[in-house]
Amino acid sequence: MSIERLPRRTTAHSAFWMMVRRVTVLAACVDVALFCFFLAVGSPILAWINVISVSLYLVAYRLLQQRRNRAALILIWTEVLGHAVLGTLLTGWGAGFNYYLLMFIPAIMVSGNWRTVVPPLLVLFAAYVGLHEVSRFYGALEPLGATALTVLYVFNISVFFAMASSTARFYYAMVRKTEGKLRDLATRDTLTGLFNRRHLMELAHVERRRADHEDVPLSLVIADIDDFKQINDRLGHDAGDLVLRQVGEALRESCRSHDTVARWGGEEFLFLLPQTSAEAARDFAERVRRAVEALGIGPDAQSFHCTVSLGVATLDADESLEEAIGRADHALYRSKAEGRNRVTAATLEADVALGQDSAQVIDLHPEATGLDGGPEDRPRPGGVPLAG
Ligand SMILES: Nc1nc2c(ncn2[C@@H]2O[C@H](COP(=O)(O)OP(=O)(O)OP(=O)(O)O)[C@@H](O)[C@H]2O)c(=O)[nH]1
């Protein structure tokens, strides 16, 4: 089995740095706006502080492009810290520069465990309160007019709101994405993308309860690729995997909106067919059989063909899901025994095999043939239907 290399960086990791790049550009734009504002209100010292800030963001952006992410992050946080403290001391607490310090809270909280985040959090808290006291004690060192101060406050609080809400949204999106990935890992088969056995059983129990409650039929169909071992042996394991993926896709496409198909094991698939009578399930299985038979397999979708054998069972009120699956499995063995590429419907008394053209109905009681359905009992005639 080929070992796939794990990507060096996770998607969440790249998304984070992409977000940092965007924030760097936006922060530089904010500082350009502040530069213009301070020039307009006649505060050149404050305007030049923003020139330094923009320069720092340009350097940080360059570092991000060179993948020197850590250095870029240190520079960005230094700018935020310096700008917030200087802005507050020069224009006063009422200008709202202090809010930018609060952006350190989420950054600290996601940086490690409780033991490592508490000390910097306490330092931030002390710095915030200390800055408040200092700025109250000294007042603004570069005071602005009342209107300019109000405009500056509204501007700063708006930028802070936008930054805080988009940061929260980013982490929320990351959590949702990771949640989705974990759900997929837990419920899906990685090769075919179909549901896995465990998830199908969960769905089957739900459907079973619904079927009992609403008194509607529930059917199961097991499909098994014929002579799959020979496909692997002759064409290689990768070709076998391709067959599994393409057959899996064909089976998924055969499903109606309320049907489910899962990879049951190696080259076996199980369909869960709610509200489906025994007769409708047999017709369904026959459609699946024909769909796979007509399927061209290979990268060009025409290199070779394969077939599936199917077993069908409709749940009886008194039997468990596992028993019904056992009957479908038994019917599948009958299909294999009868020459493969066919459908066998299990009844409670006997299996009924449908020939390739579905016209011929043969009564095949397991006891009559001496086959009781174990995998070892499956006949394995040679020859793979690999004709192009
Ligand atoms: N390529 C590939 N092969 C697999 C995978 N899982 C199981 N197999 C192979 O599937 C083959 C199943 O072989 P058998 O159980 O003998 O079944 P078969 O050859 O299809 O014979 P019949 O079912 O009787 O028609 C084994 O060789 C397994 O190694 C998989 O994920 N990828």
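A Cβ is built for glycine as well, from the same backbone N, Cα and C atoms used for every other residue.
Marked as transmembrane segment by TrEMBL: 20-40, 46-64, 71-91, 151-172. Annotated domain 'GGDEF' per TrEMBL: 216-348, in sequence order. Taken from TrEMBL, the feature region 'Disordered' applies to 366-388.
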- Item | Per-state residue totals over the domain 'GGDEF' (216-348) - DSSP helix, strand, coil | 59 helix, 34 strand, 40 coil
- For the transmembrane segment (151-172), find every same-chain residue at least 6 residues outside the stretch whose CB is under 8 Å from a CB in it, and list them. 15-16, 19, 23, 30, 33-34, 37, 91, 94-97, 99-100, 102-103, 106, 110, 144
- Query: What is the pLDDT of the domain 'GGDEF' (216-348) when averaged and given as a whole number?
  - Reply: 94
